[in-house]
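This report concerns only the one structure given below.
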Amino acid sequence: MWRRGEKCVIFAVLAAALVSTATAAAVRDERKTYIVHMARSAMPNDFAEHGEWYAASLQSVSDAATVLYTYDTLLHGYSARLTRAEAEALESQPGVLLVNPETRYELHTTRTPEFLGLDRTDALFPQSNTGRDVIVGVLDTGVWPERPSYDDAGLGPVPAGWKGKCEEGNDFNSSACNKKLIGARFFLTGYEAAKGPVDTSKESRSPRDNDGHGTHTSSTAAGSAVRGADLLGYAAGTAKGMAPHARVATYKVCWAGGCFSSDILKAMEVAVTDGVDVLSLSLGGGTADYYRDSIAVGAYSAMERGIFVSCSAGNAGPGAATLSNGAPWITTVGAGTLDRDFPAHVVLGNGKNYSGVSLYSGKQLPTTPMPFIYAGNASNSSMGSLCMSGSLIPEKVAGKIVLCDRGTNARVQKGFVVKDAGGAGMVLANTAANGEELVADAHILPGAGVGQKAGDTMRTYALSDPNPTASIVFAGTQVGIKPSPVVAAFSSRGPNTVTPGILKPDLIAPGVNILAAWSGSVGPSGIAGDSRRVGFNIISGTSMSCPHVSGLAALLRAAHQDWSPAAIRSALMTTSYNGYADGKGILDVATGLPATPLDVGAGHVDPSKAVDPGLVYDITAADYLDFLCAINYGPMQIAALTKHATADACSANRTYSVTSLNYPSFSVTFPATGGTEKHTRTVTNVGLPGTYKVTASAAAGSTPVTVSVEPSTLTFTKSGEKQSYTVSFAAAAMPSGTNGFGRLVWSSDHHVVSSPIAVTWT
């Protein structure tokens with residue numbers, strides 16, 4: 001006979017088990033989008049075409065699911081909304097290679113030509129007029145076609161082979177395209193399947209850019225020259241893209257709720273079919289094996305067709321191993337600063353003066369000091385110091401300059417919170433998470449951002465002085481800032497967690513405080529309550545550095561039409577610089593110390609040298625296939641990337657090694673006990689005949705790594721000639737997690753061809 005308490009316990013356990021079982025069943029029944037990779041050659045003879053086969057395979061596991069997209073170019077297969085049980089059932093079917101769950105990607109959010117030496121484009125790239133027929137495809141939030149950055153004056157007819165379209169939709173007519181903006185499409189089937197219909201009261205169901213990000217990135221890559229550009233009086237001058245004569249095609253894949261991989265894959269496929277020469281993607285979604293990363297899958301097939309793919313590294317720095325888009329057939333771009341700044345000075349009542357940054361343009365504060373208060377002392381909320389919405393007490397901040405901590409909510413959003421509470425101005429103070437990195441913002445009220453050290457001092461002053469006061473003085477635009485560039489703290493860093501033997505990022509480019517065209521739907525702050533409208537905006541992120549490299553790749557493609565995507569990347573990497581004119585290394589703003597190859601890859605891009613690199617490290621699709629064998633991918637995984645579903649893709653009679661991939665950088669890994677590692681490379685002469693001599697060294701602190709190169713001299717008698725060499729690395733025992741760095745440089749009378757070295761003890 002049960003006691004009453006025991007009976008309740010048993011019933012509770014049974015109820016919990018039933019709830020758990022029901023929850024598990026609900027999870028398995030919940031529909032999500034999956035991308036189904038099929039082996040094209042495995043289609044049964046019963047079907048006349050692959051679409052029929054795909055539909056039949058789907059119907060065999062689900063009566064309710066329908067095909068969202070079919071893919072025929074970059075991969076073979078389709079996407080559909082499935083339960084987990086249905087996806088698992090599909091994986092066991094003949095002809096199905098992989099069933100990957102959809103990934104949600106996020107955006108990685110005019111002095112640049114002069115800073116990069118491109119103010120003399122025609123002299124540096126005498127062949128660049130042929131760039132009129134180079135097409136840059138940008139996958140982003142769409143385009144605001146009325147901006148003068150898309151003016152087609154002086155451009156000839158649209159290239160004859162172009163197959164793209166200017167799709168119509170809400171607020172967007174086909175007449176919006178011209179000889180500059182030659183294509184505009186939008187993709188949302190996957191997005192709407194996951195999030196529901198687009199709210200057309202908030203964003204256009206068309207290629208129109210209601211966010212600003214896509215207009216900014218595409219005009220950075222290939223915008224036409226626009227005189228008199230500025231943001232609220234800041235950064236005035238001529239704004240133009242890296243390849244101002246190239247054509248632009250935009251593919252809207254990002255919406256208010258994110259960017260979904262089923263849409264991204266379809267857009268990449270359509271862009272390749274349309275005829276783009278360069279693909280630029282300023283977005284990412286963490287890290288995954290390459291066959292599960294939709295951008296990597298799409299980029300592989302684009303590479304096979306000779307299309308250069310540039311992607312942002314991400315904004316998750318300065319922590320180690322934070323980058324995305326690390327596949328070796330993608331050019332991965334980190335962010336650095338320009339030599340331009342927008343200073344604002346915060347003067348405290350005790351006479352101390354601190355330098356910050358701001359893009360505020362409006363009614364100035366009084367010249368006399370104003371009451372100053374720390375937000376943490378003007379709130380009843382535990383998050384009050386962050387100036388979160390509704391957290392400030394109006395009676396305490398009215399008429400005062402408020403010191404807000406950076407973090408959690410958007411930087412500019414804090415200014416709206418201060419203004420709504422009656423505050424007169426704002427100082428935005430970095431915490432340890434951001435250190436001394438300063439990113440200028442178009443604040444809605446008089447506001448300035450300051451670094452952590454200044455912020456700490458200001459907090460102490462505001463909390464300790466019985467009558468704290470402050471004033472903010474805005475100093476406009478300054479150029480010639482030194483040192484520059486420095487690595488942005490937000491720029492994501494290596495090592496590459498998927499394949500540590502491939503050094504990433506590849507290089508850095510300008511990504512801080514970049515001026516480019518902007519949407520007419522949103523103010524410069526990007527906040528819904530910002531009623532200001534501007535033609536150009538200044539924003540920061542690796543999203544901004546990526547299109548710089550995309551545009552430079554377009555210039556190189558125009559100048560060297562026979563170069564492969566790998567040759568273009570090699571030229572950009574081996575001519576990059578990693579130090580200043582005084583010989584000191586490029587600084588990392590996060591540490592104040594010289595940056596390493598894990599931060600900058602080969603260094604900062606230098607287009608004036610990239611057009612004539614001397615030697616290039618070329619890589620073919622067959623080389624990448626060997627690489628996939630080296631990282632032990634099986635036939636199904638390789639087929640998902642390459643579309644070649646053969647069991648003998650990797651020969652049992654061959655030895656494959658990541659160290660044999662002909663990459664323009666070196667990533668060396670040793671066990672803690674030390675050891676040796678050998679890398680092989682082949683360089684192709686694309687310059688004058690000549691003899692190159694090598695220098696190479698690497699060290700972890702004061703401990704050298706022995707680097708020997710055989711042969712140590714390479715002689716080229718003609719263009720197109722190839723020569724191979726071997727690099728042997730030997731290292732002593734070091735604690736696990738230790739890193740060492742160096743460079744390998746081939747020098748001739750005319751060229752310097754430089755590769756970074758990163759050494760890690762695991």
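Start at 1 and count along the chain as shown; that gives each residue its number.
Using N, Cα and C of the backbone, Cβ positions are placed for all residues, glycine too.
TrEMBL does not curate its annotations; it predicts them automatically.
Given the structure is predicted, the values throughout are model-derived calculations rather than measurements.
According to TrEMBL, the protein carries these features:
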ACT_SITE  Asp140  active site, charge relay system
ACT_SITE  His213  active site, charge relay system
ACT_SITE  Ser543  active site, charge relay system
COMPBIAS  200-214  compositional bias 'Basic and acidic residues'
DOMAIN    33-108  domain 'Inhibitor I9'
DOMAIN    131-578  domain 'Peptidase S8/S53'
DOMAIN    392-457  domain 'PA'
DOMAIN    661-759  domain 'Subtilisin-like protease fibronectin type-III'
SIGNAL    1-24  signal peptide
His213 (active site, charge relay system): tally of other CB atoms within 10 A of its CB: 26
Arithmetic mean of per-residue pLDDT over the domain 'PA' (392-457): 94
Inter-residue Cα distance where the pair is Asp140 (active site, charge relay system) and Ser543 (active site, charge relay system), in Å: 10
Helix, strand and coil totals (DSSP H, G, I; E, B; other) for the domain 'Inhibitor I9' (33-108): 21 helix, 27 strand, 28 coil
DSSP helix/strand/coil residue counts for the domain 'Subtilisin-like protease fibronectin type-III' (661-759): 0 helix, 66 strand, 33 coil
Listed in sequence order, residues with CB under 8 A of Asp140 (active site, charge relay system) and six or more positions away: Leu107, Asp209, His213, Gly214, Thr217, Ser218, Thr250, Tyr251, Lys252, Val253, Cys254, Leu281, Ser282, Leu283
For Ser543 (active site, charge relay system), the number of other Cβ atoms found within 10 Å of its own Cβ: 30
The domain 'PA' (392-457): DSSP-derived helix, strand, coil residue counts: 20 helix, 17 strand, 29 coil
